[in-house]
Amino acid sequence: MRPSVLVQTSSIVSSALVSSAIGYAIGWPVSKYFDSNTTMRLLLSPVIGLGIFGAVAVSIFHFLPITAINLMLIVLGLSAVAFWLSKGTIDPLLRSPASPGFCWFTVAFLLCLLPAFEIIPQHYGGSVGVGHPIWDHAKIAIVNEIAQNGLPPANPFHSEAGSPNTLIYYYVWHFIAACSSVITGATGWEADIALTGMTALFSTFVVTWLAVARSRSAYAAWWSLPLLFVGSLKPAVRFVFGKWLEKWMAPEHGLQTWIIQAPWVPQHVFSGTLALIAIMAYLRILYSNAGRNMALAVFMGAILASAYGSSMWAGSLSLLLILPLVGALSVSHVLKVKRLLEVLISLSVTVVITLLCAAVLIREQSAILHTRKVVEFWVFPIFAGDYWFLDIPGFWLVLVFLEFGIIYLSFLIWSFARPSDDSKRYAHIDCALTVSVLAPLFCTQILHSVIMYNDLGWRVLIPSMLVMTALTSGLFSTTIGKGTLVGRLTTITAIILLAPSILVGAKSVYSNTFKFQVEGPDSEEGTAFKASPEMWKAVREVTPPNEAVANNPLDLASVTYTPANISWAILSQRRHCGTTLDFLRAYAAQLTPKKASEIYNFFVRAFAGLATEDHLRIMKEKYRCRTLVVTSRDGLWGKPVLDNNSVYKLVSEKKGKWRIYR
């Protein structure tokens, strides 16, 4: 029997090792298509392997139970297929003459622990707190749902009689976390922490591969690490000029750099990283005359499906913009070398494999189109007041510069630098990388999502951000300190912007990783959160994993920066029949905004102490709340209706703390 602790380090480590093993087992043979350098293939393999595994296994496990034996058989089977399709000599997309050494791998691993640290519990006195990103990791409930009940996942955030209650969300990344949970016995929270850290590391690997391979300089690997940890320049501008910025800029939420996105939304970072791999595979299919593209087309199809299945924005919408443009730019070359039929056949194979792997996800997610509008056109508001004609240039000249500072300015320097003979040899790659930067940024400017917040705007540009970081790393490694115009501009950019950008990123890491441990405060809710595993263990003992519980949507709301019942989401390992409003809007997307508000208000009123026996009956019969969990913090605690009703009976309690009814 596991002790009632929040997370165990051994489970996190074992989950990380399982994810890495899956990635390398499947991705290692496929990496031959991208680079001939063995060390560089170590950088590419895990993302490729996890991408292929995620898409294929999600489809398979809609028909098979998710067990450790089945998972190992699927991994072995996919690894065998990957080795078979990659056997023999393969002419890679790039042949890197340099690669990072062991010291770089060690430093990269240690730095990429930081995003994982932002979602682990932090102790101060008798209390436990969590960093701000944990709010977006309420999706740990999805990991637990898949691990316990298989696919397709039921919605762990809402249940209602007469409704299919299917989860409408892109969950391939969470499925991968659930697989490591099944194999190791880790909780959803532990598996989520592990995969968050591994996603950050593998994303860093791919950025570094591109930086080193394109610049042909091992020093680019060292530049990639600080550049991934840069933050927005806005705090630095505020520090120098006070509130001057707020007076003339619109209050719209800005964009986010890698060090913000990696701990908050690892599924989107994973998807954006896969998008970068897919673009490179696409380039080889379009421009390589060496053959073997049919096998690569199969792998690309699975990677595309996994990118889509992990993020509708970073790996789906971004690629819908990038790939057609890159393809259009390649037409003259394809016609010149008379490879049109070969390319069309390869791309047809890619499309077929993508649809086969993504079909179940497309079918599940298409249900949202019947109830909700997903995106709207707009012009990203930059300046205060209704000056859209100024907002258009302001987006590129002001907002993107403030948000992405050093990597955006360096990308512009790289774009206008005089091409060398080496650059001309890779002109098709450079052209594709330029498109990969500009197309997602343009999308952010003219489209925004409306389900909840502007997730589209923040996530669709992840491939753009990764490419800019790689290009900046390469630029710095080859031009800093040189007497040319490009060298001087690059040196000045690094001197002025690097330090403040890293300081802003470091401040974000400190706030989410160490601040609570240093400053506290010690609070009643923090103490209750620390003790909550005992309550949820008792809930699991009386509640099967395929049933839902009713618990106050606002229980321990002060633990997170935005009020939410994070204790249920990350610790209960059970479904909830009506959770926090933000969670209902985001993850029960089949509900209209009005319906989501009605459900949320119903549960809030009930736990505030206004519940009658009829309310309790509606809970149990309409919303399928088989278990009712009441704590001493709830207004419902001690109300006579709990002792005198025909709906729920007391089955477990800890005197003065909590009671469980069935």
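Backbone N, Cα and C define each Cβ position, glycine as well.
According to Swiss-Prot, the protein carries these features:
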| type | residues | note |
| --- | --- | --- |
| TRANSMEM | 46-66 | transmembrane segment |
| TRANSMEM | 68-88 | transmembrane segment |
| TRANSMEM | 167-187 | transmembrane segment |
| TRANSMEM | 263-283 | transmembrane segment |
| TRANSMEM | 285-305 | transmembrane segment |
| TRANSMEM | 312-332 | transmembrane segment |
| TRANSMEM | 342-362 | transmembrane segment |
| TRANSMEM | 373-393 | transmembrane segment |
| TRANSMEM | 394-414 | transmembrane segment |
| TRANSMEM | 432-452 | transmembrane segment |
| TRANSMEM | 460-480 | transmembrane segment |
| TRANSMEM | 485-505 | transmembrane segment |
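The list of residues near the transmembrane segment (373-393) in space but at least 6 beyond its ends in sequence, with Cβ under 8 angstroms from a Cβ of it, reads 247-250, 252, 399, 444-451, 456-457.
For the transmembrane segment (285-305), the residues of the chain that approach it from at least six positions outside its boundaries are 30, 33, 48, 51-52, 55-56, 82, 85-86, 90-91, 93, 274, 277-278, 315, 319, 326-327, 330, 333-334, 337, 339, 342-343, 345-347, 349-354, 356-358, 361, 428, judged by C-beta separation under 8 angstroms.
In this chain, the transmembrane segment (394-414) lies out of contact with the transmembrane segment (312-332); the count of Cβ pairs under 8 Å, excluding pairs fewer than 6 apart in sequence, is fewer than 3. Within its own chain, the transmembrane segment (460-480) has Cβ neighbours under 8 Å at 203, 206-208, 210-212, 214-215, 217-224, 227-228, 255, 257-258, 261, 268-269, 271-273, 275-276, 279, 311, 313-315, 317-319, 322, 404, 406-408, 410-411, 413-414, 417, 433, 436-441, 443-444, 447, 486-487, 490-491, 494, counting only residues six or more beyond its boundaries. Simply put, out of 46-66, 263-283, 394-414, 485-505, 46-66 has the most Cβ pairs sitting under 8 Å from the transmembrane segment (167-187). If you count C-beta pairs under 8 angstroms between the transmembrane segment (485-505) and each of 46-66, 263-283, 342-362, 394-414, 432-452, the highest count goes to 394-414. If you look at the transmembrane segment (432-452) against the transmembrane segment (46-66), you find fewer than three C-beta pairs under 8 angstroms, all six or more positions apart, and that falls short of contact. Counting Cβ pairs under 8 Å to the transmembrane segment (263-283), the top-ranked stretch among 46-66, 342-362, 394-414 is 46-66. Long-range contacts of the transmembrane segment (342-362) within the same chain, counting only residues at least 6 positions beyond its ends with a Cβ under 8 Å from a Cβ of the stretch, are 55-56, 58-59, 62, 151-152, 170, 172, 285-286, 293-294, 296-298, 300-302, 304-306, 308-309, 334.
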